[in-house]
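These notes are about the structure you will find just below.
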Amino acid sequence: MVNFPAERLRRLFYFVSPNETSFEKLEDVPKYVDEAGKPLPRFNDGFSSVANGILSLMHGLLFRSIELSTYVWFYERFNLIQLPWNNPWTWILGMVGVDFCYYWVHRLGHEVNIIWAAHQTHHSSEDYNLTTALRQSCILKYISWMFYLPMALCVPPSIFLVHAQFSLLYQFWIHTETIKSIGPLEWILNTPSHHRAHHGRNRQYIDKNYGGTLIIFDRLFGTFEAEKEEVVYGLVHPLDSWGPIHSQICHLQYMMKTFMESQGIKNKLSVIFKGPGWTPGKPRLGMKEDIPMVSAPMPKFEGPMLPTWMNVYIWVHFGLLIVGYDVLAHRDQSMNAFSVVCYILYIIYCLEVFGALFDARMMASYMELFRCLCFIIVCKARSPSIGVSLTFTSIVYWIYIGSAILWGYLTFNQYTTKIKKVL
């Protein structure tokens, strides 16, 4: 097993010595290609992760960052200590402060049911790769901002913003199975190994390793667990749909149902504020014995097996949607609020349609035909001459024309087949 990423990186560029790569016997030769990386993300799981990431960014098209806005407001009114923004100690305090606050918002995101209802989206993938890092909640930002306010008593907003961004960037690359260990730094930093354990539904990994950049707070507060047994990723009760909206709200729906069925105000409040594993008569966080025992390898949710052309089709249109989102993100300041809201609703609808196609839902073909027709009608209404010249927009327009013809044919076949069965 390769422990250090530097060794694996050297192999990619042939930076190896004859001494370390010469072997007497054939069976002694390592599987360098296998060790270089892991399989590519599954089409459906990769889509679900990126789609949830896009959903989590939607609010940014209408509002400023709630974390930054509230932090600045609080700093301007309640700041007690004026720390110099250009002092290295202020910078270090900002880094440790952001990570300390992140530890607690992350920990409570697992220990308080209403916050878990938002955070569970990030844990819903049964894979673990860089796309998993993008699978974020569109609700959690409206809760997490309050945990950073104590920093505003002394840390300037500019320093807070620097470290809030660096913390987010750092946590992207640790979503990988390729890097096994980074040696002694495992004692200080949150690493791919520590975060793999955090994403596990193995009983010993539940509610462990909450750190963002550092792992020292987990060691201090007794929530650290080293990666030993192979990790089984995902939720204790895995999802059965690729729809991103379902990923976002499924636990909230379950919690509301449990709230309505619970007897007495005490039990109802406990459903909201105690752990997701709590039930009446049990400890605040529930019983570890209630968590199903799992061990790798475990079967993953796959959903219907789609033909290759369908996977390619969805990802082509998904790619076009991402381009459209990027254009919207750069132009939303010059657009009126009504137009921005309409575009946001269309993007959300598109993401749900793609999820429906991956799920092979009964109405998916009708939903996709409607989606394509909406795009064509709006484009033609905004620009009657679209499709005449050879531009990127015209090419996209003709792709949608072809797609509408395809789905018109498929929905007609589906409808006539259904009628024949009835007759």
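The backbone N, Cα and C atoms fix where each Cβ goes, glycine too.
For 91-223, the entry in TrEMBL reads domain 'Fatty acid hydroxylase'.
Annotation source TrEMBL lists transmembrane segment at 145-166 (among others).
Among the features that TrEMBL reports, transmembrane segment is placed at 308-328 (among others).
The domain 'Alkylglycerol monooxygenase C-terminal' feature in TrEMBL is assigned to 310-381.
If you look up TrEMBL, you'll see 340-358 (among others) marked as transmembrane segment. For the transmembrane segment (340-358), the list of distant contacts is 43-44, 47-48, 51, 54-55, 58, 61-62, 241-246, 303-304, 306, 310, 314, 317-318, 321, 324-325, 328, 332, 364, 367-368, 371, 374: same-chain residues at least six beyond its ends, Cβ to Cβ under 8 Å.
Among the features that TrEMBL reports, transmembrane segment is placed at 395-412 (among others). For the transmembrane segment (395-412), the residues of the chain that approach it from at least six positions outside its boundaries are 313, 316-317, 320, 365-366, 368-369, 372-373, 375-376, 379, 386-387, judged by C-beta separation under 8 angstroms.
Secondary structure of the domain 'Alkylglycerol monooxygenase C-terminal' (310-381), assigned with DSSP and counted as helix (H, G, I), strand (E, B) and coil, comes to 66 helix, 0 strand, 6 coil.
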